[in-house]
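According to TrEMBL, the protein has these features:
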REGION    30-55  region 'Disordered'
Amino acid sequence: MQHSAPVVNSWNEWDQLQEIVVGSADNACFEPTEPGSRPSIRNHPDTPFPTGPKSKEAIDLANEELAGLTRLLESQGVTVRRPETHDFSAPVRTPDFEVENQYCAVCPRDVMITLGNEIIEATMSRRARYFEYQPYRKLVYEYWNADPRTQWTTAPKPSMSDGMYREEFWEWPLEQRHERMHSFEFCINQDEVVFDAADMSRLGRDILVQESMTTNRAGIHWLKRHLEPKGFRVHPVHFPLDFFPSHIDCTFVPLRPGLILTNPDRPLREGEEKMFLDNDWRLVEVPQPVLTNEEMPPYCQSSKWLSMNVLSISPTKVICEAQEKPLQDMLADLGFEVFPVPFRNVFEYGGSLHCATWDVRRDGQREDYFGNLDYRPLA
Ligand code: DAV
């Protein structure tokens with residue numbers, strides 16, 4: 001079927017949504033301990049973290065909320081697609097590593113990104129997530145077969161061998177993290193190209209990429225070299241007070257041209273606000289989340305800032321977690337129609353509403369929202 005608009009078309013985080021993939025908790029497993037991840041039970045750091053499949057009850061509760069999000073999106077005229085069933089309990093063995101089980105398909109955002117008419121599969125940064133593109137491949141083939149304009153790129157797979165990681169990272173005392181906060185060195189080193197898709201945020205021609213535990217400078221360099229010839233500008237961004245950064249969408253969340261939600265605990269590195277202020281973008285701090293970090297679900301490895309992991313249906317409609325009243329009120333004051341949906345049972349799978357989705361088609365084209373920019377491309 002040939003649409004007049006491309007089947008794959010999404011240039012930013014906010015244009016009117018047409019088609020989206022919502023994750024699934026089917027067959028989800030606990031994330032294994034590995035060089036790139038040290039999961040622990042909240043408030044019980046000395047109890048061993050569980051391994052293998054999650055309980056049926058936990059999976060059903062998350063799936064109910066994912067189904068609720070699906071119904072809401074469909075009621076707004078959005079086509080919702082779901083990943084294929086995958087056996088996450090299967091171990092992975094490559095020439096470079098072994099890991100006892102995989103993770104889940106709750107967070108397509110971490111793995112897949114639409115950049116205009118191109119789908120990119122991220123390299124990923126953790127062993128248990130090495131094959132996480134697989135539940136989405138059937139959809140990718142469908143989009144690729146349906147429209148000759150669909151471009152599809154898989155980023156180079158890193159070895160994920162021991163040498164790719166900096167295991168001491170996990171032992172650094174807080175004081176040392178503070179001293180090193182401007183070096184942006186985390187649990188992966190700079191030897192191989194590494195990035196998770198969720199460290200990127202799309203603003204038309206301009207793509208922000210966070211340096212993090214899941215994206216290194218070589219990964220950002222690869223993205224620049226890949227995207228600049230296509231007319232994108234790639235901007236590394238940093239949040240030095242986030243000592244365990246992973247994925248930009250609980251830190252810096254654009255909602256419409258000229259407006260970005262920011263995290264009061266994680267200010268942008270000094271100087272990096274210039275491109276936004278020079279182009280009349282407002283950076284607006286969100287209120288404190290309703291839950292404290294201590295009150296987050298025991299198996300959840302993310303912070304309370306999942307509160308700001310909202311999903312835009314359009315430049316005027318935003319989906320927000322049902323219990324986050326302070327943020328909902330702020331969004332309403334900013335002129336948004338807010339759609340609350342219960343989602344706390346999804347938190348232990350690593351994300352909230354933005355993480356648990358991958359938008360494939362939105363209205364609109366590539367716009368330049370940063371006319372006043374001093375940008376130096378690689379070549
Ligand atoms: O701020 O805790 C959570 C997002 C993970 N996908 C955070 C990052």
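Using N, Cα and C of the backbone, Cβ positions are placed for all residues, glycine too.
Away from its own ends, the region 'Disordered' (30-55) comes close to residues 88-89, 99-101, 103-104, 125-128, 160, 162, 164-165, 167, 170, 187-188, 213-214, 293-294, 296-301, 350 of its chain (Cβ-Cβ under 8 Å, at least six residues beyond either end). With DSSP classes pooled into helix, strand and coil, the tally for the region 'Disordered' (30-55) is 0 helix, 5 strand, 21 coil.
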